[in-house]
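See below for the structure under consideration.
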Amino acid sequence: MSDSDSSESEMGGMFAEPAEFNPPPPEPTFEIFTRAAKDKHPPEMKLRLVGSHPLWAHHLWNAAKVFADWMDDHPQYTVGKNVLEIGAGAALPSFVAAVNGATKVVITDYPDNDLIANIQYNADHIVPELTKEGKVIVQGYLWGSNTRPLLAHLNPTTNTDTTSSGASAAAAPKELFDTIILSDLLFNHSQHRSMLKTCKETLKPGTGRVFVFFTHHRPWLADADNKFFEIAAAPVIDYPENGDESSDDERDPGGFGFKVEKVVEHRMTPMFLEDPGSEEVRGTVHGYILSLE
């Protein structure tokens, strides 16, 4: 035994950190989602949720449940379609899309090991065969970043290196996603443009659809949530490279040129009953569809 070990023994562990000083992270939890449509298989899905996470992936959100049931009633948006979900959390809508006959489902969330490992666990247990066949893919993705790694799943020959010019241009992706899912993400106000940038770059024009389902969890910030749709619908502004002397900070950033349509307003019990603000507002799920001409 070293002198330091001897000293610690004599002091009775006086300076040792108590066990509760650095407690282990909470264990994962499970939630069973029962599909409203009685003719669907499987009738239930058991989803594992991370024990706790600053990005709120430890909850199965009302918007995901409402959208999952809405997809069951509107199979034309998933059967034979290429589907992308960003900010997926437990990824319930993605798994419903997969079992409903999507050609390929790419499930993404912030590239955090715990988040991605948990989604992969759900994929391996809920849709194991589809995952083995490569029809369901899980990967980390940062909103607004290079979308070529996402599109490479639809275009295997795509060059994902954006630093090279000739090779990248020659291998530009041809296939885009038919369906893109954003479920309860609009509270991330600073990320609205990043989300829309990813959607614009990966959505198939004309027939493709972006589904945005969400709740105003903080009613006093509902206008900030809805700002997403203002930015989405605002026209694109193309500035000539050398024709405008104003700085980037002075320029109107414009929008993304999406067509916006509201399709759902569904009342549920609020996620957090003790939270402030109107229970009606906090319990209502809104659903929108975005498309590009």
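Each residue's number is its place along the chain shown, starting with 1.
Backbone N, Cα and C atoms are what each Cβ position is placed from, and that goes for glycine too.
TrEMBL does not curate its annotations; it predicts them automatically.
Model, not experiment: these values are computed from the prediction.
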Subject >> Of 1-27, 244-270, the range TrEMBL labels region 'Disordered' >> reply: 1-27
Original post:
Fewest neighbouring Cβ atoms within 10 Å: which of the binding-site residues G87, G89?
Top reply: G87
Original post:
In sequence order, which same-chain residues at least six apart have a C-beta under 8 angstroms from W61 (S-adenosyl-L-methionine binding site)?
Top reply: G89, S183, D184, T215, M271
